[in-house]
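Residues annotated as transmembrane segment in TrEMBL: A:21-44, A:71-94, A:106-127, A:157-180, A:201-227, A:263-282. What TrEMBL records for A:69-281 is domain 'ABC transmembrane type-1'.
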Amino acid sequence: MAGSATSAIEVIGRGHPWLSLAPALCVIAVLFGGGLVLGLAGSLGMGRGGVSLDAWIAVLSEGRVWRSLGLSLWIAFASTALACLIGLGAALLLRRRFPGQGLARLLFQINLTIPHAVGALGILWLLSQSGFVSRLSAGAGLIDGPAGFPALTQDRFAIGIIAHYVWKEVPFIGLILLANMQSLGDDPESAARSLGASPFAAMRLVLLPLLMPALIRAGAIVFAFSFGAWEVPVLLGQSAPVALPVLAWQRFTDPDLATRPEAMAIAMLIALVAALLIRVAMVRR
Amino acid sequence: MTRMMTAIGALLIAGTAQAQDGDVLLAMSWDEIVETARGGEVNVFMWGGADTINAYVSDHIGGILADEYDITLNRVPLADTAEAVNIVLGEVEAGAGMDAGAVDMIWINGENFRTMKQGDLVWCGYVDKLPNASLVDFENPAIANDFGVPVEGCEVPWSRVQFAFAHDTARTPEPPRSIPELLDWIEANPGRFTYPAPPDFTGAAFVRHVFTHAAGGADALVGPFDQEKFDAVAADTWEILNGIEPHLWREGVTYPTSITQLQQMFANQEVDLFFTYDPAEIGTAVENGIFPETAMSYGLSDGTLANTNYMAIPVNAANKAAAMVTQNLLLSGEAQLEKAQPEIWGAAAVIEPSRASAEVQEGFATLERHPSVVPVEELGQAALPELTPDWTRAIEDGWIRNVGN
């Protein structure tokens with residue numbers, strides 16, 4: 001069994017790397033690249049006669065789009081930063097051996113399988129002004145009614161949205177870091193300790209720099225998702241400004257066909273901004 | 001995602017189906033059309049947010065189609081009708097799929113219909129072919145015009161609805177019963193009212209009520225769009241709506257984003273008033289235990305908007321014959337009566353019961369309504385005509401720019 005598997009890999013590996021990658025690249029190029037090209041064409045008004053930048057000009061000169069972009073950037077940056085910070089802390093705690101470690105790891109990872117829309121509804125039931133926490137507070141006599149509870153969903157600072165992303169992405173970051181630490185092993189830190197470094201210094205000067213590449217990559221995935229996803233802000237966001245993906249969807253489902261190119265332009269803008277920022281993060285490392 | 005998969009699935013199915021040329025069908029007799037449809041299928045794209053409506057279409061109508069015509073009805077649920085328009089538009093733009101489109105029928109009205117009609121995306125001229133079309137009074141302007149756009153044989157009416165408010169008699173025994181009363185009530189009860197932000201369909205309809213009030217009545221807004229008139233009325237409307245903003249839920253800093261959210265908030269006692277474009281929904285919500293039994297719907301003395309909704313067949317539909325058979329069935333006296341039963345859906349009929357069989361007439365005469373649902377006759381005494389899409393669009397855009405930002 002093992003022998004045949006090895007030989008199969010060897011056969012594939014013998015060709016030029018581009019040749020070996022061709023099947024995977026084809027899927028990406030057709031499904032992903034094709035979508036991007038069609039979206040770009042749509043944003044330029046192609047398919048309905050002629051090419052024009054009207055949609056891009058309209059979108060980029062609209063205050064609402066910029067406010068939405070600002071909100072989406074805030075959501076994505078705050079969610080990514082908090083998820084990375086808490087995920088890193090959790091991973092550092094979970095890598096130690098302690099009784100019940102297996103159970104702790106299981107509990108830590110359990111929400112990875114829960115879909116975002118379900119998680120967002122859970123946040124709504126938990127944190128909204130008529131949610132569970134609010135009802136508990138009312139029962140305890142802390143507030144008079146729903147309006148007395150602070151606005152944590154559909155709120156100006158997108159607290160509900162960020163809370164959902166942090167809840168959902170902390171295990172993701174943690175899991176990647178745990179796997180990364182496993183492959184690094186204890187050796188680098190032990191070496192530093194034997195040379196006289198304190199445990200904290202060993203972690204800060206040896207382990208963290210070694211974990212950085214994985215953390216940045218995982219963070220980039222979280223950033224791209226929380227910047228571009230629609231279902232969470234549509235459930236937990238306020239009516240204005242809406243997150244950029246929600247704005248794109250509103251334009252896409254507008255009965256006026258003239259707004260379709262604008263929807264595509266906003267979608268392209270989302271992809272462009274996310275790609276640029278992630279590129280910058282990767283290069284600066 | 002599921003929706004998209006369903007749509008793609010339907011697309012694949014439709015691609016293999018026998019293409020049907022509309023002109024050939026129009027030359028056939030009704031019996032020939034039924035024979036052409038037999039053994040086929042029909043892909044019905046419709047808003048899927050109400051279990052009662054979904055069950056009526058899938059089980060009741062789908063059941064009859066399967067038993068009597070051997071037609072399979074595939075109901076594709078949508079969150080927004082524009083999604084179906086997008087599919088048809090994409091197919092027609094791509095040039096491929098003439099008479100092989102994925103969408104055979106769309107539940108539609110208003111702006112989406114205008115979009116399809118203007119874009120030549122809807123199939124026209126077949127309505128006279130349907131035997132049950134004779135039950136409909138096409139002379140009635142409320143049926144011959146869809147949000148002011150002439151129907152002209154391009155869609156078949158399905159139901160009538162009229163906007164209504166709802167309150168909980170236990171909590172709010174004396175609700176405001178006109179727009180001026182409502183505006184005073186909002187000021188006297190801070191934080192207890194709000195409305196979904198347009199482009200939500202129902203929220204936009206609420207804003208049109210205030211707009212109509214600001215115009216001094218519906219008569220002032222009849223006819224084609226008039227920019228000068230709009231500017232004058234709009235200025236007053238935004239002043240009214242910005243004026244009540246500090247007294248709304250969350251001081252008007254934000255608004256609910258969908259009518260579903262407002263329904264939840266009314267159920268959770270976060271607000272005291274609810275409204276809907278389909279009063280039957282109030283009865284359904286009481287039956288489901290979402291609203292208390294003391295919830296009650298009511299109309300306004302200065303009138304509420306009414307409209308007709310329709311079923312349209314896209315110009316590139318693959319199964320036009322089956323779609324025609326389905327539409328004819330939906331128009332039958334029996335199907336309209338079933339749909340009007342409060343426990344089924346409670347939707348008002350578009351046919352003239354007097355033109356239907358004695359049994360159907362009897363059924364309509366003895367129709368019971370849910371105690372929480374305001375009687376159609378009572379609402380209908382003050383019905384306002386819907387504005388044309390040019391008006392509704394300008395009002396929506398204006399609200400987003402001037403009130404909801």
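Including glycine, each Cβ sits where the backbone N, Cα and C put it.
Automatic prediction, not curation, is the source of TrEMBL annotations.
As the structure is a computational prediction, the values presented were derived from the model and not from experiment.
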Quick check for me: are there 3+ Cβ pairs below 8 Å between the transmembrane segment (A:157-180) and the transmembrane segment (A:21-44), leaving out pairs under 6 residues apart?
no
Candidate ranges A:21-44, A:71-94, A:106-127, A:263-282 - greatest C-beta contact count to the transmembrane segment (A:201-227) (under 8 angstroms):
A:71-94
Same-chain residue ranges lying at least 6 outside the transmembrane segment (A:21-44) that approach it to Cβ under 8 Å:
51-53, 55-56, 260-262, 264-265, 267-268, 271
